[in-house]
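Asker: Sharing a structure here in structure tokens format.
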């Protein structure tokens with residue numbers, strides 16, 4: 001589990017790194033320009049890391065399935081070699097997704113005015129600026145994103161269906177509580193990440209007023225919240241926070 005969490009943390013850090021520095025530069029400088037090559041590169045890495053994170057969250061759902069439904073065989077099934085291969089496959093899946101997304105966008109022509117109404121380069125805003133036919137790129141965008149979303153959704157749904165069936169068979173209330181607690185963090189992260197992505201990419205190239213706010217949520221806010229969600233579920237972190245709170249109360253009493 002911690003091996004997968006460390007990879008998720010790296011993905012979150014990389015995801016924010018692709019968009020946040022350029023956004024900060026645009027806020028702090030008068031020049032808010034980006035070259036076409038830089039724009040396509042940013043677009044590629046947004047979908048590369050975003051696609052890898054989608055697959056990785058699906059992989060973590062499978063990991064929770066094995067841990068809860070096959071606890072005695074967990075270390076045998078999810079051994080070090082298997083975990084490494086599964087993580088590598090998520091990165092390869094993200095790379096394939098990014099290539100399929102970027103190639104049609106790179107073929108578009110832009111005649112001007114080339115002003116992006118967004119804080120990073122994305123498919124909808126680029127398609128609206130193009131003066132060439134965007135039908136193929138839009139179809140490829142929806143088909144690619146749809147396939148990715150379908151694979152990840154089915155993976156998460158099937159995993160949690162088996163998990164819920166297994167949890168309901170546990171006789172003790174404490175056992176059911178611990179099992180649900182094990183999955184709660186991951187399920188919350190899945191909702192926070194997949195929700196905005198479905199809203200943005202599972203539709204035609206139509207720009208809504210809320211698109212930028214939703215994009216901020218899944219590119220900046222969600223990666224920021226993920227460490228908090230997972231660490232606050234850890235018993236060791238809870239105990240450390242209680243000890244810290246006790247020391248502060250003791251210090252305040254002595255000062256009074």
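Placement of Cβ uses the backbone N, Cα and C atoms for every residue, glycine included.
Feature list, courtesy of TrEMBL:
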DOMAIN    1-230  domain 'G-protein coupled receptors family 1 profile'
TRANSMEM  40-62  transmembrane segment
TRANSMEM  82-103  transmembrane segment
TRANSMEM  148-168  transmembrane segment
TRANSMEM  180-202  transmembrane segment
TRANSMEM  214-232  transmembrane segment
Asker: Do any residues of this chain, six or more beyond the ends of the transmembrane segment (214-232), have a C-beta under 8 angstroms from a C-beta of it, and if so which?
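Answerer: Beyond its ends, the transmembrane segment (214-232) has Cβ neighbours at 5, 8-9, 12-13, 15-16, 18-20, 46, 118-120, 122, 185, 188-189, 192-193, 195-197, 199-200, 238.
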Asker: Any residues 6+ beyond the ends of the transmembrane segment (148-168) with a Cβ under 8 Å from its own?
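Answerer: Same-chain residues near the transmembrane segment (148-168) but 6 or more away: 51, 54-55, 57-59, 61-62, 64-65, 68-69, 97, 176, 179-180, 183, 187, 190, 194, 197-198, 201-202.
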